[in-house]
Amino acid sequence: MSDVKKVVLAYSGGLDTSVIAKWLQEEYNCEVVTFTADLGQGEEVEPARAKAQALGIKEIYIEDLREEFVRDFVFPMFRANTIYEGEYLLGTSIARPLIAKRLIEIANETGADAISHGATGKGNDQVRFELGAYALKPGVKVIAPWREWDLTSRETLMAYCEEHKIPVDFSTKKKKSPYSMDANLLHISFEGDQLEDPWTEPEDDMWRWSVSPENAPNEPTYIEIGYEKGDPVSINGEAMSPATILETLNKVGGANGIGRVDIVENRFVGMKARGCYETPGGTIMMKAHRAIESITLDREAAHLKDEMMPRYAKLIYNGFWWSEERRMMQALIDTSQKYVNGTVRLKLYKGNVTVVGRQSDNSLFDSKIATFEDDAGAYDQKDAAGFIKLNALRMRIAAQKGRGFLDNDK
């Protein structure tokens, strides 16, 4: 283990990563650099500095990455209308590439020869962190303590703290929630405890960001989201930064009971796992983006995007953000967004997001052609006869050759 001289640790300041920091110092006899990212998780990150200093750490990075997170990771993903297995908006998955990127950048800045993370050996995050790290710095060494040590429970972690005099305050010792949680500006997730039984309904006090739809206001809330090149740029006519837009949508969505999902997903490592997620702002953005695309995207371009989306979602879920194929797909997706400009009006009511209006200077919707009234010759209905005959030709030939579908067909 002596080949490692300096390691950059993804550090939250909590129990697990505080133990990891000390463990790295003891087991690898190396210098530890800590990196703490503010991705909008709703907790103060600055206390991580004092905790790291108490462990004798001299190089401490604490960074506000909220704008970069939303601008360069969340928004590009939403341009593709990305959703995994029909329900998961990838709130955890999309945060890992940014953390991996900064770990490697800091390693380069500080001359570190390794990085470390606190992901367990059972989950997807270990894969996401490490695939990203190897893509960005092929020769980097990755230390994953949960795959090496024998500290397998909270009790053993606490015992390690006491043995090595690791300063962990009372609020860290006290387990505030029975669930394993992860949060950033896009979502908050819950796993473990009673959720490990997929038949058990979550207790209502588990949810943090949203009221239950039953307790949401009895009057709807209307909002308008402005789009430029596929990205939201304003709410109710007020221009906002990417992070502010998502923060605002989280608040208004949560107040209206929007964004709760309870799913069993297929993890990349092979197991099924249940997770509950609150993604109020993301749920609104997904609905709004599809609405503005519905009037600005050509039919075949829209259908091609829909065909690509599950593959794109799987790439992100499995940790391949920094892959050539994701970059290729992103280029195609971004090209499709050139004319995705305009405004969407939505009604938020008791857990539901309903599109009630959409408009764009780049709209392909032509009321003169689509009207059920007299179109003044804009659309010649007689043209449909030839169109139908040509599209039916292959099926007519098959039927004539005996490939019918009725019981009496031979």
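The backbone N, Cα and C atoms fix where each Cβ goes, glycine too.
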**Report entry** Annotated companion of Tyr88, Ser93, Asn124, Arg128, Ser180, Glu265, Tyr277 at the L-citrulline site, Swiss-Prot, chosen from Ser189, Ser294
**Finding:** Ser189
Requested in this report: Report the candidate from Ala37, Ala95, Ala135 that shares the ATP site with Ala10, Tyr11, Ser12, Gly13, Gly14, Leu15, Asp16, Thr17, Ser18, Gly118, as recorded in Swiss-Prot.
Outcome: Ala37
Query raised in the report: For the binding-site residues listed here, Gly14, Gly118, which shows the highest count of neighbouring CB atoms within 10 A?
Result: Gly118
Query raised in the report: If you draw a 10 Å sphere on the Cβ of Thr120 (L-aspartate binding site), how many other Cβ atoms land inside?
Result: 15
Query raised in the report: Can you list the residues of the same chain, besides Thr120, Asn124, Asp125, whose Cβ falls within 8 Å of the L-aspartate site's Cβ centroid?
Result: Ala119, Lys122, Gly123, Gln126, Val127, Arg128, Val269
Query raised in the report: Three states by DSSP: which one describes Ser180 (L-citrulline binding site)?
Result: strand
Requested in this report: Would you count the other CB atoms within 10 A of the CB of Tyr88 (L-citrulline binding site), including those on all shown protein chains?
Outcome: 21
Query raised in the report: Restricting the comparison to the binding-site residues Thr120, Asn124, Arg128, Ser180, Ser189, which residue's C-alpha is spatially nearest the C-alpha of Gly14 (ATP binding site)?
Result: Ser180
Query raised in the report: So what sits near Asp16 (ATP binding site) in its own chain, CB-to-CB under 8 Å and at least six residues off in sequence?
Result: Gly118, Leu157
